[in-house]
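Following: one structure in structure tokens, then a few remarks.
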């Protein structure tokens with residue numbers, strides 16, 4: 001993750017610079033590799049390591065922004081459902097059920113295709129589709145603390161619902177929200193890669209890992225590393241984010257372990 | 001039980017209606033369909049003609065009611081691309097996706113349930129930790145890349161299995177593994193946690209005290225109870241797998257529903273896309289309904305909800 005953030009500083013080459021005379025140079029651990037291009041070059045002669053680092057930036061950007069949008073939607077829905085209960089709760093639960101019944105990949109693809117695939121569209125589409133877990137978790141967490149003494153005290157003191165939610169409830173469910181946010185970040189990154197792989201996500205020449213795998217697909221029988229490298233990078237990034245989430249949960253809620 | 005079933009079916013129908021409205025709106029509000037169908041070179045009058053031909057000049061509500069009324073009679077109109085009725089296309093492709101989904105689920109259960117049981121019995125040993133690591137890795141693995149890697153290993157290097165197509169059962173092995181791996185972590189964790197809970201229960205202790213052989217206790221008493229929620233989860237996972245098979249089918253060039261959806265999206269063939277979204281949503285709703293009812297049938301406490 002750090003490497004992706006520092007991409008402009010450590011990338012050895014311009015990720016967009018093409019050099020057709022230096023196409024598909026293998027990475028350093030193979031016979032014909034050079035130190036000049038540690039992870040080799042792609043079909044247009046672009047440095048693979050530089051593209052990998054910038055691709056990581058894009059993955060993180062998409063993961064974080066999509067998690068923020070979906071977090072906002074899901075948290076508002078979940079807070080309303082958990083705090084007010086009754087018919088509001090029924091309505092929100094119904095919306096969540098409906099959302100779960102829609103095939104995410106398919107709907108995201110169709111929307112991205114209609115609006116035209118781009119970074120912004122992918123973030124918005126994923127943000128508007130991945131809020132279900134936020135809503136479910138927020139609802140459950142809010143229900144747990146809604147009737148505790150400090151909330152009743154705030155209500156007795158005449159605070160408005162909005163202030164109670166903001167000052168008493170939100171700070172207490174923040175930990176759970178952060179854990180969900182890491183999970184959804186990972187989820188969004190994987191979905192973005194799949195969308196880009198299918199050609200309807202981030203568009204070339206931007207370096208997205210899913211796109212790199214799609215571009216490498218036709219060469220993979222002769223040069224397996226063109227898909228192995230971005231794939232492993234994707235796996236490691238998502239793994240790191242998931243473990244971060246697990247770690248945060250263990251710190252904030254030790255009893256939830258196992 | 002009857003009242004519960006009735007209520008659940010009613011909710012499922014309402015959800016189905018909402019999903020069809022939502023999928024209809026999403027497609028119609030995301031962009032101008034007529035312009036998308038006509039393509040980049042079309043002139044103004046041509047676009048207007050298309051708009052009229054496909055009824056896109058009607059108010060949205062009229063369009064939806066027409067579409068919904070026809071969909072109720074399983075008439076999804078004609079494909080823009082194939083000049084063939086959408087329902088015939090779906091009928092030709094759906095079995096392949098269902099077949100893939102069933103094998104994938106079988107693979108997932110076949111690996112995940114024994115793994116979950118062993119992890120629970122050998123709790124906190126290296127076996128348990130390895131199983132956990134496999135499930136964490138599974139959640140982080142992009143399915144399309146896993147599919148490509150499987151092709152590299154088993155088709156290119158070992159030459160055991162074909163790369164793509166859907167001619168024989170051999171073509172389904174790799175895609176089923178790639179798709180099934182995605183469902184494994186959840187099934188494994190649920191089995192493990194269920195087994196841990198059951199193994200600590202009184203009746204298992206009684207069975208042990210009676211001196212029954214450990215294997216018999218494990219299978220006859222413990223697994224039988226722990227596996228109930230797993231069945232319900234499997235139904236839901238099966239629904240997710242059908243939705244997720246679009247990526248796997250693209251990797252392996254399986255001519256199933258997912259591949260049709262992907263190609264139709266690329267061709268702006270909206271009647272097909274819309275029908276596929278609806279069919280997949282219906283299958284998912286049916287599966288969750290079945291899972292809910294099964295759970296409630298087995299565990300009367302749930303019928304209150």
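The backbone N, Cα and C atoms fix where each Cβ goes, glycine too.
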The annotated transmembrane segment range in TrEMBL, which must be one of B:199-225, B:226-252
B:226-252
Examine the transmembrane segment (B:132-156) against the transmembrane segment (B:272-298) and state whether at least 3 Cβ pairs sit under 8 A, considering only residue pairs 6 or more apart.
no
Sequence-remote contacts (6 or more beyond its ends) of the transmembrane segment (B:96-120), Cβ cut-off under 8 Å?
127-128, 131-132, 134, 166, 172-173, 175-177, 179-185, 187-196, 199, 218, 223, 226-227, 230, 234, 237-238, 241-242, 245, 248-249, 254-258
